[in-house]
Amino acid sequence: MNFTVSNNNKAKLLMVLSALAFSIMAAEVKATAHTVAIKAFARQIFSCLIVLIIIIIKNQRIIPLRQNRIKLFLRCLFGTLGMYLYFYSIDNLYLANASMLTRITPFFVTVLAVIILKETVDNLNWIIFLPMIFGCVLIIKPNSELFNPASIIAVLSACSAAMAYIMIKAIGKEESAYTIIFWFTLVSSGIYFIIAKDEFSSIDKLQYLNLVIIGLFGVLGQIGLTLSYQLSKASYVAPYSYFYIIFSGIIGVYIWQEIPDIFSIIGFICIFLSYFYLIRFQ
């Protein structure tokens, strides 16, 4: 595929808009007084319906191949756990901190790829991960009175997401992205619904609106992300996804007066530089 300058600019804009949509979704998650499960359900059920419509329009196969079903089921379970932990961390951490800590997923993907998929990794990659790990420690501050256990939950969210990505890599290209996303959103929606089923009767119209906003902006963010990657190279547009951290930080300061300390700011920079190098130059 040939990527033109015009397409590159469109891709950048779409990635920034995607980041804005995801940050609004995260802010709504933090502002909405419901359990994690019901907010995660709202996020996933919208995506499930949209993807189902796309599958029908494109006339794609919806049932996974027999040899991929266990891997796909594991992808669904780890993805469901990862999102639950991510929403929990949003509820209990500064919005920017929760957003940044979940960005260390590439480190866990690499480690798990070596262990599970027996992939080989260049030694330089391990060196590049050191600032990411250091930045993570600065944000978590494990030996400080500022330590928040929810930081560990955010890291576990990144680890769970990485395991989900490993399952996708294990499936390979035998299943379409839409099939994988559909089953993930369907299974996770079902699990979240079972956990939160007793809450629905106590939700008023305004609270339903809050849940709709979570689902809507989650879908808009995913659409923008997908279109961006279709229009340009991943290495070109991926760094722009970090606008998500910037938008989340601005929203956190403006609404909740969440001003990160100097150690967290240095940690942000370390993680960003590692991520930027891995995406742009590898």
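Cβ atoms here come from the backbone N, Cα and C positions, even for glycine.
Per TrEMBL, the feature domain 'EamA' maps to 12-140, 151-278. Annotation source TrEMBL lists transmembrane segment at 41-60, 72-88, 94-117, 124-140, 146-166, 178-196, 208-229, 236-256, 262-279.
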*asked:* I'm checking region-level scores; what's the whole-number mean pLDDT for the domain 'EamA' (12-140)?
replied: 94
*Which stretch, 41-60, 146-166, 178-196, 208-229, 236-256, tops the Cβ pairs under 8 Å count with the transmembrane segment (94-117)?*
146-166
*Taking a Cβ cut-off under 8 Å, which residues six or more beyond the ends of the transmembrane segment (208-229) line up next to it in the same chain?*
11-12, 14-15, 17-19, 21-22, 24-25, 28-29, 31-32, 34, 38-39, 42-47, 50, 237, 240-241
*Where, among 72-88, 124-140, 146-166, do we find the most CB pairs under 8 A to the transmembrane segment (41-60)?*
72-88
